[in-house]
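Everything below concerns the one structure shown next.
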Amino acid sequence: MKWSEISIHTTHEAVEPISNILHEAGASGVVIEDPLDLMKERENVYGEIYQLDPNDYPDEGVIVKAYLPINSFLGETVDGIKETINNLLLYDIDLGRNTITISEVNEEEWATAWKKYYHPVKISEKFTIVPTWETYTPVHTDELIIEMDPGMAFGTGTHPTTVLCIQALERIVQKGDRVIDVGTGSGILSIAAAMLEAESVHAYDLDPVAVESARLNVKLNKVSDTAEVKQNNLLDGITGEHDVIVANILAEVILRFTSQAYDLLKDGGHFITSGIIGQKKQEVKEALEKAGFTIIEILSMEDWVSIIAKK
């Protein structure tokens with residue numbers, strides 16, 4: 001089978017929404033080429049430093065690549081992708097160059113080439129994310145391993161917004177907590193909360209592709225007894241009192257349910273938000289405070305921030 005590689009030159013801010021657009025269009029895998037990765041020291045499973053090739057990365061911005069099967073619907077699909085990406089401008093998302101190129105690759109190239117980008121990555125004091133095809137031996141007895149398959153929707157979970165959220169969950173979630181994950185995507189945050197011994201985790205996403213992906217990942221990581229994934233629009237119709245609510249989605253979306261999150265939390269409960277580009281930090285912070293929250297910590301990585309707020 002022949003595959004079409006769609007390459008989009010964009011900004012850090014636009015990486016996550018564009019990746020989601022590509023997955024919803026049927027992309028079988030997404031590769032993110034970020035020059036900031038060249039500055040990170042990485043280790044392989046044997047503790048050896050491995051090097052990334054600078055020729056694989058742009059001088060500025062980020063390149064997002066996706067793969068679609070070549071068929072009679074490809075042209076229509078690509079046009080739809082372009083239109084949906086351009087619509088992100090309505091949400092004040094900087095698209096940068098926003099150049100889109102298309103090339104053809106064969107089955108073997110597509111099936112193996114993207115694996116060079118993915119290795120086990122330790123993202124917090126406790127958590128390491130491991131691609132499903134890698135054999136990994138924990139370095140510490142209390143290390144928590146999350147297995148992810150980037151061939152499934154929503155990538156491997158090493159994007160800064162996800163990393164910040166997991167670091168925040170590690171600090172906040174206590175044994176026996178009741179947790180809500182809004183806009184779960186891959187389900188990785190729900191998996192992390194379950195591994196931190198939450199009593200229950202309810203994960204919600206409006207996108208049926210995300211719901212299916214999250215359910216598969218929850219099962220893969222053997223936390224189905226704790227984490228439940230359902231299709232739902234943000235917090236609509238949700239009741240009860242909870243200890244932690246986590247949301248890794250666009251700042252503009254977070255602003256729509258800050259008050260609702262406040263009402264669903266117990267006194268002393270925490271609202272962890274991420275997916276916030278630096279320039280939107282103050283706007284989200286003010287909205288949280290207006291809803292009644294106290295900001296207790298702001299974490300940052302590259303151009304992104306995560307805000308931990310307390311009721």
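Residue numbers in this text run from 1 along the chain shown.
For all residues, glycine too, the Cβ spot is worked out from N, Cα and C.
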Residue in THR162, THR226, THR258 which Swiss-Prot records at the S-adenosyl-L-methionine site where GLY183, ASP205, ASN248 also bind: THR162
Shell of the S-adenosyl-L-methionine site beyond THR162, GLY183, ASP205, ASN248, same chain only (C-beta within 8 angstroms of their C-beta centre): CYS165, ASP181, VAL182, THR184, GLY185, SER186, LEU189, ALA247, ILE249, GLY275
Under 8 Å by Cβ from THR162 (S-adenosyl-L-methionine binding site), same chain, sequence gap 6 or more: ILE123, ILE188, LEU189, ASN248, SER274
DSSP three-state assignment (helix, strand or coil) for GLY183 (S-adenosyl-L-methionine binding site): coil
